[in-house]
Amino acid sequence: MNTPVRLTQYSHGAGCGCKISPKVLEIILAGSGAQNLDPRLWVGNASRDDAAVYALDDQRGVVSTTDFFMPIVDDPFDFGRIAATNAISDIYAMGGDPLLAIAILGWPVNVLPPEVAREVVRGGRAACDEAGIALAGGHSIDAPEPIFGLAVTGVVDKARLKRNDTATAGCRLYLTKPLGIGILTTAEKKSRLRPEDVNLARDWMCTLNKPGSRFGALAGVKAMTDVTGFGLLGHLVEMADGSGVSARIEYAKVPRLPGVEHYLAEGCVPGGTGRNFDSYGARIAPLPQDRVDLLCDPQTSGGLLVAVEPAGEAEFLAAAGELGLRLEPIGELVAQRPYAVEVL
């Protein structure tokens, strides 16, 4: 325990970049049987939304989600915080409020000391404390690589429920966190992270997406999702295709972490970037590789992608400002075209 443990050296993937690619996932789900068409299931997996929502009564529903992954940072406490923050995000992305969480822990008990796992759980509990919810239990297994995450339960009023497939043409698109998480964490894993960039990605990954709960109350917010492992373009393709519209993105207006261009030039591109483009590229208008590398970068605990109709834009920006967010539109939704997404 005298030498600091580098958790990223014990995993083949990192964070949401560990996700099975959408193309492979499609094969898995296609042969797994049809979803039970329960009318009380307001949101299931048909639209690949962030969480499932089941009616408690005519006005309120329970929101259920789970998310877990392998280490994306070396520090155990930070890994726990990030994994928990990322899992809780799905509740906020539906416009809901989290109620409680249970932990999911896989640990190579013959390789890493239990004291390190304890720090991971402690970090997860810290994120739950910040969200105002209890880490009420969990389940653990002996696994070949470290894994941590949460299953989270929340609640949402039906009138506040936000989906990823209800956007309309004319909506402006907003992103609440900068891109580049996968790029900087890949640089960290390769020991190429510059001193001035240490903890930059970590701080964003540990930032809760609480604004999503506030945005749920806004009628002008027509659709919302969080940007995670499939990258901005992957999640935007799902929003556009699910809503029957197309999207135009202005590349220069997409927020990004400082230093991403430097690290891309250094070859710090996570493997998930290529898998994302391989899965969604046919739905995206042709674009240069450097734009693919940023816009398909898998995010862990990424920001909210919000579609706002023009009539509700002023109210949305006012609410965002009250929450400390200074947002500018990164694009808009238009009538459906051959491509789901075009980058200008």
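The backbone N, Cα and C atoms fix where each Cβ goes, and this holds for glycine too.
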**OP:** Quick one: which of ASP203, ASP226, ASP241, ASP278 does Swiss-Prot put in the Mg(2+) site with ASP50, ASP90?
**Re:** ASP226
Subject >> Length of the line joining the Cα atoms of ASP67 (ATP binding site) and ASP226 (Mg(2+) binding site), in Å >> reply: 13
**OP:** Report, as a single number, how many Cβ atoms besides its own are within 10 Å of the Cβ of SER140 (ATP binding site).
**Re:** 15
Original post:
Between SER140 (ATP binding site) and ASP90 (Mg(2+) binding site), what is the CA-CA distance rounded to a whole number of Å?
Top reply: 22
Original post:
Where ASP226 (Mg(2+) binding site) and GLY138 (ATP binding site) are concerned, what is their Cα separation in Å, rounded?
Top reply: 24
